[in-house]
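Undergrad: Sharing the feature lines straight out of TrEMBL:
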| type | residues | note |
| --- | --- | --- |
| BINDING | A:Asp41, A:Asp109 | Mg(2+) binding site |
| SITE | A:Tyr79 | site 'Interaction with target DNA' |
Amino acid sequence: MQPADYEHLTPSQAIAYQSELRQQIHIESLDNPINVIGGADISFNKYSETVYAGIILLKCPEMTVVGHSSVISRTSFPYISGLLAFREVPALLEAWDKLDIKPDLLVLDGQGIAHERRLGIATHFGLVTDVPTIGSAKSRLYGRHQEPANEVFAESPMYDRGEIVGIALRSKKNCNPIYISPGHRVSMDQSVQIIKNCIRGYRIPEPTRQAHILVNRVRVEDSGTDKQFSLF
DNA sequence: GCGACAG
DNA sequence: ATCTTGTCGC
């Protein structure tokens, strides 16, 4: 199955495919050092099939931007909770292929294994590219957890029948927690540690935050040029 | 049947 | 996700 063909899948077939991919997930210690970390995100205009995908490259541990790539693509697969990867991975792969240098690890905006079939977008992307990935989501999809204490870096594990699938992390005081889970080829503890090292005073870790700024800028710039949005 | 539901 | 101004709280 190729990502480019995802648009032809029915939700039922997509779910069946996730069940197959699940067999290939590797949650393990990442030994390679992380010199460059990447952040990926997508932006789009409501009701439009045009999607703006981008990947930002940051130097560790400074968190300074050292590169990026972006693409304007199309998607017909709708947003369905639990099947996000089928909608966003194809465009993200296009941006990934355009990168001159690949990061040592990529952070995606969404869940990793904190998913009913352990196939959040971060895990899915990691399997397709065979790259270490971490999922950093702004809201919860799956897993039960207690409210983290209201202090920076307070955390509380997310469970699924006794198994820890992720962690709710208070990345900033007085802000809602973010949900971290390993995607592929990295451990749970490393995922949390890595994300903590990417926090720079904002609720959202730099890789994801910078990626969001990037794709949003690309979208606004294009919307003024896109026929569908210019009235003249 | 009811509530939950990444982006 | 995106649409949007002011406004409450630290």
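From the backbone N, Cα and C atoms, a Cβ is placed for every residue, glycine too.
Nobody curates TrEMBL annotations by hand; they come from automatic prediction.
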Undergrad: If you count the other Cβ atoms within 10 Å of each Cβ, which of the binding-site residues A:Asp41, A:Asp109 comes out on top?
TA: A:Asp41
Undergrad: Quick one: pull the CA-CA distance for A:Asp109 (Mg(2+) binding site) versus A:Tyr79 (site 'Interaction with target DNA'), whole Å only.
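TA: The separation of the Cα atoms works out to 14 Å.
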Undergrad: What does DSSP assign A:Tyr79 (site 'Interaction with target DNA'), in three states?
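TA: DSSP assigns A:Tyr79 (site 'Interaction with target DNA') to coil.
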Undergrad: Under DSSP, is A:Asp41 (Mg(2+) binding site) part of a helix or a strand, or is it coil?
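TA: Reduced to three states, the DSSP call for A:Asp41 (Mg(2+) binding site) is strand.
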